[in-house]
Amino acid sequence: MALVKNVMVLLSFLALIEVSFGVVYEVGDSRGWTNDSNFDYKSWASTKEFRVGDTIRFVYNPIENNVMLVSYENYKSCNSTDPKFVRISGNDSLPITKPGHYYYICGVPGHCEDGQKVDIRVPKTPSPTPKSSPSPSLSPSPSPSEGHAPAPAPSKGSPSSIQYHLLAFQLFIATGVLACFAF
Ligand SMILES: *[C@@H]1O[C@H](CO)[C@@H](O)[C@H](O)[C@H]1NC(C)=O
Ligand SMILES: *[C@@H]1O[C@H](CO)[C@@H](O)[C@H](O)[C@H]1NC(C)=O
Ligand SMILES: *[C@@H]1O[C@H](CO)[C@@H](O)[C@H](O)[C@H]1NC(C)=O
Ligand SMILES: [Cu+2]
């Protein structure tokens, strides 16, 4: 029973770390935020599981692009006349502070119409991570953030290395915590 309790404590601890650090998602991965070649931001977003505490980062050439948060209506119609806010630095990190939809478009004429728009959907309750029942073994689960950190794209590009750092950090903590319980 003590073991089960320990495992529960460990899992909550990991969840806490996950929430306090979050994941940084670079929009478009190595392609960035661009109007080139009609990059499909919809399918990019569909492979992600965004959560409160994560950060959305837009990296782009600020001479030719910008970032606007808009309403659903204006997202649909690519209307950039009344944005909720505008970012123009070329490297904008936008933390997710609450659930809901974040509708971003590029306000440069024609770009949103060419597909430079993304809907960041953040579910109210994180979808329950299918956790296997606590294993009697003391070895830490190899993937504490399973179901959250996106599977590293096997193809090309450099997925934000910060994700790997976080994972490594979690494993490091998990090992430490397990060691404390074990002795
Ligand atoms: C992207 O936008 C730039 C400047 O607005 C434009 O010159 C270029 O043709 C666009 N690229 C595509 C693929 O539409
Ligand atoms: C664009 O949005 C603004 C504010 O949301 C609205 O007043 C305006 O009529 C819209 N323009 C078009 C062409 O739909
Ligand atoms: C963007 O900014 C972050 C820090 O906010 C930095 O780590 C990253 O290297 C920057 N990326 C580029 C392409 O400048
Ligand atoms: Cu643009």
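Positions of Cβ are set from backbone N, Cα and C atoms, glycine also.
Per TrEMBL, these features apply:
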- 125-143: compositional bias 'Pro residues' (COMPBIAS)
- 23-124: domain 'Phytocyanin' (DOMAIN)
- 117-157: region 'Disordered' (REGION)
- 1-22: signal peptide (SIGNAL)
Residues of the domain 'Phytocyanin' (23-124) by DSSP state, where helix covers H, G and I: 18 helix, 32 strand, 52 coil
Local confidence of the domain 'Phytocyanin' (23-124) - pLDDT mean: 97
